[in-house]
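According to Swiss-Prot, the protein carries these features:
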DOMAIN    16-68  domain 'HTH myb-type 1'
DNA_BIND  44-68  DNA-binding region
DNA_BIND  96-119  DNA-binding region
REGION    131-159  region 'Disordered'
COMPBIAS  140-159  compositional bias 'Low complexity'
Amino acid sequence: MIVYGGGASEDGEGGGVVLKKGPWTVAEDETLAAYVREYGEGNWNSVQKKTWLARCGKSCRLRWANHLRPNLRKGSFTPEEERLIIQLHSQLGNKWARMAAQLPGRTDNEIKNYWNTRLKRFQRQGLPLYPPEYSQNNHQQQMYPQQPSSPLPSQTPASSFTFPLLQPPSLCPKRCYNTAFSPKASYISSPTNFLVSSPTFLHTHSSLSSYQSTNPVYSMKHELSSNQIPYSASLGVYQVSKFSDNGDCNQNLNTGLHTNTCQLLEDLMEEAEALADSFRAPKRRQIMAALEDNNNNNNFFSGGFGHRVSSNSLCSLQGLTPKEDESLQMNTMQDEDITKLLDWGSESEEISNGQSSVITTENNLVLDDHQFAFLFPVDDDTNNLPGIC
């Protein structure tokens, strides 16, 4: 007998409730069944308080599960149940409660008793515990355990990827970089040159291209709507777009972006013109020096022109290459110098007027074609530069 404290005896003296152990009587079974029909399964510790049954909660639970359940099945296991027990044991091992859940009406204690009895019998006879098909499956599961399948990485939209070169430029002031004129400073200060020469940009651009080729799902294909203004620098390298549909805010941002773009392009044009002027000045000085040297030479057209011209002036003339993008002022100045040279040649007393043929230009200048044609190829348009190669 077990004394369960907290209660009071019939004679009024303090004491505990005496819990009963051992076999259950028919009256106790009927009391427990009536409690389950009224309150349902569970909360077995309240059975004693509500029915004054002198049994603990664990004893009530086991009595109901193993003996009093309506769907409880008694007797030996059927061949189908035995086959299922063997299959489940080969997969789960000694998980008796999980095996009992697969066998309605059977308790985990019954399944455990059946397996232990079978195990001892097969060990005495030297027989395998599992049939060949179950043994092979069990061996394969031990050799190659099932790994939890890792979920596929979520496919993030391409627009959520952030690349430094795909971000819109910040609305910085006009002179946000060094504009001091020098070949090195201008090349470094130019955003376009910086992007082209930066190895970080080349690496990012190549990585992005390879990433798009291997992953077509992430290929970035954006279609610009009517209120989206693309921003592009020279060489088509730095390309960004503003994707927003927020009315006035979007309009203000696009206006500021367009203004910043125009200012940046103006700065680039100014630096390009300054750089071009720096390279034109030495060429212009070489031409003027050559013309002055030729004017000082009295025998310019006599005895063969190629032998009279000094080596320095000839090299300077041969090193010149006409460019189509020179300014109109440069062309006018050179035309005036050539006209002076031709005027001087027409007034020279050493021009031969013998058997050689002469050429009359639009300015009524008479020249010897043998002495003049090999230096300057004559063109109908006198405003064009002579083809010096």
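From the backbone N, Cα and C atoms, a Cβ is placed for every residue, glycine too.
Long-range contacts of the DNA-binding region (96-119) within the same chain: residues 65-66, 69, 71-73, 77, 81-82, 84-85, 88-89, 129, each at least 6 residues beyond the stretch ends and with a Cβ under 8 Å from a Cβ of the stretch. Residue counts of the DNA-binding region (44-68) by helix, strand and coil are 20 helix, 0 strand, 5 coil (DSSP-based).
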